[in-house]
Each structure stands twice: as structure tokens, then as C-alpha cells.
Amino acid sequence: MKDSTASNLKFLLIALILAFVVRNFLFNITFVNGSSMEPTLSNHNVMFSLIPKKYFVSRGDIVVVKPPTEKNKKYIKRLIGLPNEEIKITNGKIYIDDQLYEEDYISNEYTEAINATDVKLKDNEYFIVGDNRNPGASSDSRLFGPISRKDIKSVVVFKIYPFN
């Protein structure tokens, strides 16, 4: 009986350590809360995301970030601007270093003509936006400015739920 209990405790301890390592250093399960990423992601979608400590982030990635305005929350946004780039938003269109950034994942329904001040990103800064660009639909870099690399917590890889 003692051997069985010790074996079970050892198994449980190993499982807990493994779960901690996987959860904190490899991937996250993230829940979408709100409409800021529509039409790409909807409220209550469940996402699988990798923690990018050793992974590079790229333009167009959907990322989970800790916003500078609400440190206890996490937002899901699209990474648009990379370090040392200049971002302009004119009539709902995004320009990166004076080149139009083509976005085939959003429709005009989600891009009312908005303008934002020009932003010149520094060495460790990124510009994020929600796919739903309508006024008030997304709290993102247009509102609170660029984020730093340390604020990017994970990169969404795929949607777990719903399955369609």
C-alpha cells in the first residue's frame, strides 16, 4: 500500500511539474472575449497559442498581448507594425513606411474610414490593431500607442473551438 501511494504521489508530482512547464513556457489556451477581431475571430472562440520566447513574431500574426493600459488583462490583436517602421492610417488604410499594407482578411464592413496619427516605432516597439477597425470596436495601438516585445505573451497558431 505504501509503494502504491508513493508511486501515485510521484506520478502526480511529475504531472504537475510537466503541466506547469508546458503551460508557462510552451503554449496557452486563450479565449476570445469581444468583437475586436471580427470577422477573423468571434466572441467565445478558443485559440491555441505558442509562447514566443524562442519564436519570432511576424507581421500579420495574431498575438495575445498584455496592454499597457490594463496590466491584468490580455488582448488578442493583429501584429501590423514591426520595430523601426513608420505606421500611418489614412481613410481606414494602413501604410507601413509609406507602402499600402494589403489586408485580405478583413472586409469594408469592419473598416470605417479612420485616421490615426503617424507613429514611428522604436527598436523594441510593435503596432497592434484589432481586425474590427470600426470606431470603439477595438482598444489597440491606435488608442494606447505601441507595445513592447515583452508585452507579447503568445502567438495564436489555430482556433480550437468552434470547429468550423
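Placement of Cβ uses the backbone N, Cα and C atoms for every residue, glycine included.
Given the structure is predicted, the values throughout are model-derived calculations rather than measurements.
These features come from TrEMBL:
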- SER36: active site (ACT_SITE)
- LYS77: active site (ACT_SITE)
- 9-160: domain 'Peptidase S26' (DOMAIN)
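The local packing around SER36 (active site), expressed as other Cβ atoms within 10 Å of its Cβ over all shown chains, amounts to 24. All protein chains shown were included, and the count of other CB atoms within 10 Å of the CB of LYS77 (active site) stands at 26. Rounded to a whole number, the C-alpha distance linking SER36 (active site) with LYS77 (active site) is 8 angstrom.
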